[in-house]
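Among the features that TrEMBL reports, Ca(2+) binding site is placed at W35, E37, E48. What TrEMBL lists as Zn(2+) binding site is H94, H205, H209. According to TrEMBL, the transmembrane segment annotation covers 49-67, 74-93, 141-160, 172-190, 206-226.
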Amino acid sequence: MSNASLFYTLIGGAKVHIQEDAVGFWSPATAAINWCERDYAVSYFVAEFWNTLSNALYVVVGLRALLNTQRCPWQISAAALCCVFTGIFSGLFHASLQAHYQRIYEVFENGILVLFCHDRTTSTLVHIGVMATGVLVVDSFRFAELHLVFMIAFTIYRFLQIARDAPAATAAVHRAAMVTVGGFFCWLLDRVGCHVVSPMNPQLHAWWHLATAVALHYGFTALFILKSKVE
């Protein structure tokens, strides 16, 4: 694979077609990306079964966080809601491979990190507005993924800065970072190495969902620890 085609696969999006892909209820797919999991291999009504099922983890993490957001800044409650909606709409995307569901869940997943990183209402709303516009309008440079990668790195950096005097929060951030790195390796291998790993059927993108859901759990944990110290 050339450097140009690798860049396009990572950033521009790519449809991965493997021999076992089938036609199902939602066909044809309209999304820019088709992940490595075999389409309609488990159910005629679900394009990527394991990628769909694993999104339930985001819903669980988000609902659990919502139970602990009393007296928290509104951004934390909103981030928990975004986590729930990420699970719902990402699940719909992987079940159908339809582009409109992809755009919606990308707004929510980016929204989680935007809400993690802002304390002031004005800056939060401006960033969300710019991000949502970019995700919904910009296509060719995969704005959503570029923004997400930047926000993951910035969120980890910011959390480490504000948690310096709270060892338990720092430990949670370190765990989130390590799990995210492991998940990114799964995401990357699924994205660029499908024809190598597909005979083993490892469901690597579902593992990415698991890793990032666990990372978000640790992120919320760090925020709640910091909130308790302030109180």
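Backbone N, Cα and C define each Cβ position, glycine as well.
Here the features listed in TrEMBL are painted onto the structure.
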| residue | record | DSSP (3 states) |
| --- | --- | --- |
| W35 | Ca(2+) binding site | coil |
| E48 | Ca(2+) binding site | coil |
| H94 | Zn(2+) binding site | helix |
| H205 | Zn(2+) binding site | helix |
### Task
Give me the Cα-Cα distance between H94 (Zn(2+) binding site) and W35 (Ca(2+) binding site), rounded to a whole Å.
9
### Query
Sequence-remote contacts (6 or more beyond its ends) of the transmembrane segment (74-93), Cβ cut-off under 8 Å?
31, 52-53, 55-63, 65-66, 101-102, 104-105, 108-109, 111-112, 115-116, 118-119, 121, 124, 209, 216, 220, 223, 227
#### Entry: Chain residues outside the transmembrane segment (141-160) and at least six past its termini with a C-beta under 8 angstroms from it
10-13, 32, 103, 106-107, 109-110, 113-114, 116-117, 131, 134-135, 169-170, 173, 176-177, 180, 219, 222
### Query
binding-site residues W35, E37, E48: which have a Cα within 10 Å of H209 (Zn(2+) binding site)?
none
## Note on the structure
Outside the transmembrane segment (206-226), at least 6 residues beyond either end, the same-chain residues with a Cβ under 8 Å of its Cβ set are 37, 50-51, 53-55, 57-58, 60-62, 64-65, 68, 72, 76, 79-80, 83, 90, 112, 116, 155, 159, 162-163, 166, 168-170, 172-173, 175-177, 179-180, 182-184, 186-187, 190
## Note on the structure
Under 8 Å Cβ-Cβ from the transmembrane segment (49-67), and at least six residues away from its ends along the same chain, one finds 35, 37, 41-43, 76-77, 79-88, 90-91, 94-95, 203, 205-207, 209-210, 212-214, 216-217, 220
### Task
With an 8 Å cut-off on Cβ-Cβ distance and a minimum sequence separation of at least 6, pull the same-chain contacts of H205 (Zn(2+) binding site), or say none.
W35, C36, E37, E48, N51, C186, W187, D190
